[in-house]
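Participant: Features from Swiss-Prot:
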ACT_SITE  H18  active site, proton acceptor
BINDING   H18, A391  anthocyanidin binding site
ACT_SITE  D116  active site, charge relay
BINDING   A351, Q353, H368, W371, N372, S373, E376, E392, Q393  UDP-alpha-D-glucose binding site
Amino acid sequence: MKITKPHVAMFASPGMGHIIPVIELGKRLAGSHGFDVTIFVLETDAASAQSQFLNSPGCDAALVDIVGLPTPDISGLVDPSAFFGIKLLVMMRETIPTIRSKIEEMQHKPTALIVDLFGLDAIPLGGEFNMLTYIFIASNARFLAVALFFPTLDKDMEEEHIIKKQPMVMPGCEPVRFEDTLETFLDPNSQLYREFVPFGSVFPTCDGIIVNTWDDMEPKTLKSLQDPKLLGRIAGVPVYPIGPLSRPVDPSKTNHPVLDWLNKQPDESVLYISFGSGGSLSAKQLTELAWGLEMSQQRFVWVVRPPVDGSACSAYLSANSGKIRDGTPDYLPEGFVSRTHERGFMVSSWAPQAEILAHQAVGGFLTHCGWNSILESVVGGVPMIAWPLFAEQMMNATLLNEELGVAVRSKKLPSEGVITRAEIEALVRKIMVEEEGAEMRKKIKKLKETAAESLSCDGGVAHESLSRIADESEHLLERVRCMARGA
């Protein structure tokens, strides 16, 4: 069989924040850079947001081949109460034999393998099948910088940050405050630490690191990662900024009642509230949020899910809408829906977020600060209320609020206690009707312009980065052709 074009295999972790950017990266490689693309995804509950998205017209994955893989049974390998990151890591690790078999069966073998952070155990497949290997960071450059730098800390520096709670100073980057550090790196005795920190040594073994950001979003951090005298020395391989990867919006392909409702609202008058596919709040916090929204007197669209008693990521990979009482879910204040029905719209499961944030009626976004959500907000030109819950979201909130000036946030972290209805009301009004919100709206619309420039086929940084990756695959493919000819 004559091979005429490069073929990339991609391995995506479960969850919307991982699936969406992987699919968009695959579509870009196929549509603009001539790749055949195979994306391996773990099959999840049909009711989950991931399954709904993959089966929706908005996914628009005609350019790529999505291969569903059975989710391995990890019940005997992981404690049911383990942090979701550990569960994802073990799921991905246990799926590698299946991926190996799938690649062995392919007539057109991949020339490149792209894995995300939870799939790093698959990197050795590159050597087995003569593939280039790339690590895809679906999050941002700051997260990548910490993942690379943390394993290099000596005991004194680690003690300064973890015990004395001093900021972590990385070469060429803004310092990372203790309260913004991922829980992954804070307990050397935890399974999470033992699993993730050694991953820093894997990065230099691949052919490149792909990161979902662009120069104007994170100028200092990207410069450090690409400078061989700074963090580039630790990375040891090229770092390719290819962002923003966000799903293009086509309202004609999306049929959802929330879009019909938004069509009837004034421009920039609606606050969109969503905590992602896995974020969740306590019962008390949900109550305060509902009252804060009602007191603000602002229009809103709220993707609302039942409260949880555990961690803020307890709903990851699951979905549950709760019981309805007089039009109001039983976990919200009685009568909330009837009192707010003229200015509010409730969604209990998956919502077409990219379309919502691109709608002219939306003027603010209360977000958990997942990177995919942030990028969709930037591309939509929508300022944010930062409400970080877990993982790198605290770092993301600091970037939005303190460095870019496109978000407001509460006085304390949500993990430190309940944010009161009065503060929520003030935050909502600040972003929707006050001068501070108007200034942030101007800033984020300028950032939106730089995002479009990055994606431009006429010299955009993201396009040029992927062109270099395509060139590397073409060179490998040519070597394979020469070997086949006996050259």
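First residue shown is number 1, and so on along the chain.
Cβ atoms here come from the backbone N, Cα and C positions, even for glycine.
Note that the structure is predicted; figures quoted are calculated from it, not measured.
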Participant: What subset of the binding-site residues N372, A391, Q393 lies within 10 angstroms of the residue listed as 'active site, charge relay' at the C-alpha level?
Facilitator: none
Participant: Does anything in the same chain, at least 6 positions from N372 (UDP-alpha-D-glucose binding site), have a Cβ under 8 Å from its Cβ, and if so what?
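Facilitator: N372 (UDP-alpha-D-glucose binding site) has long-range Cβ partners M16, G17, I20, P21, A138, S246, G276.
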Participant: Taking the Cβ of A351 (UDP-alpha-D-glucose binding site) as centre, how many other Cβ atoms lie within 10 Å?
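Facilitator: Excluding its own Cβ, A351 (UDP-alpha-D-glucose binding site) sees 20 Cβ atoms within 10 Å.
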Participant: Per DSSP, to which secondary structure element type does A351 (UDP-alpha-D-glucose binding site) belong, with helix, strand and coil as the options?
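Facilitator: Where A351 (UDP-alpha-D-glucose binding site) sits, the three-state DSSP reduction gives coil.
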Participant: Give me the count of other Cβ atoms within 10 A of the Cβ belonging to E376 (UDP-alpha-D-glucose binding site).
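Facilitator: A 10 Å sphere around the Cβ of E376 (UDP-alpha-D-glucose binding site) contains 24 other Cβ atoms.
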Participant: Quick one: what's DSSP say for A391 (anthocyanidin binding site), helix, strand or coil?
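Facilitator: A391 (anthocyanidin binding site) sits in coil per DSSP, no helix or strand.
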Participant: Can you tell me the CA-to-CA distance separating A391 (anthocyanidin binding site) and the residue listed as 'active site, proton acceptor', as a whole number of Å?
Facilitator: 13
Participant: Sorted by position, what residues of the same chain at least six away from Q393 (UDP-alpha-D-glucose binding site) have a C-beta under 8 A from it?
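Facilitator: Within the chain, Q393 (UDP-alpha-D-glucose binding site) has Cβ neighbours under 8 Å at H368, C369, G370.
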Participant: A391 (anthocyanidin binding site) has how many other Cβ neighbours within 10 Å of its own Cβ?
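Facilitator: A count of 25.
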Participant: Compare all C-alpha positions of A351, Q353, H368, W371, N372, S373, E376, E392, Q393, the record's UDP-alpha-D-glucose binders, and send over the largest distance in angstrom.
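Facilitator: In whole numbers, the farthest two Cα atoms are 23 Å apart.
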Participant: Which of these recorded positions has the least crowded Cβ, counting other Cβ atoms within 10 Å: H18, H368?
Facilitator: H18
Participant: Quick check for the class: what is the C-alpha distance, in angstrom and rounded, between the residue listed as 'active site, proton acceptor' and E376 (UDP-alpha-D-glucose binding site)?
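Facilitator: For the residue listed as 'active site, proton acceptor' versus E376 (UDP-alpha-D-glucose binding site), the Cα atoms are 14 Å apart.
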Participant: Going by DSSP, is D116 (active site, charge relay) sitting in a helix, a strand, or coil?
Facilitator: strand
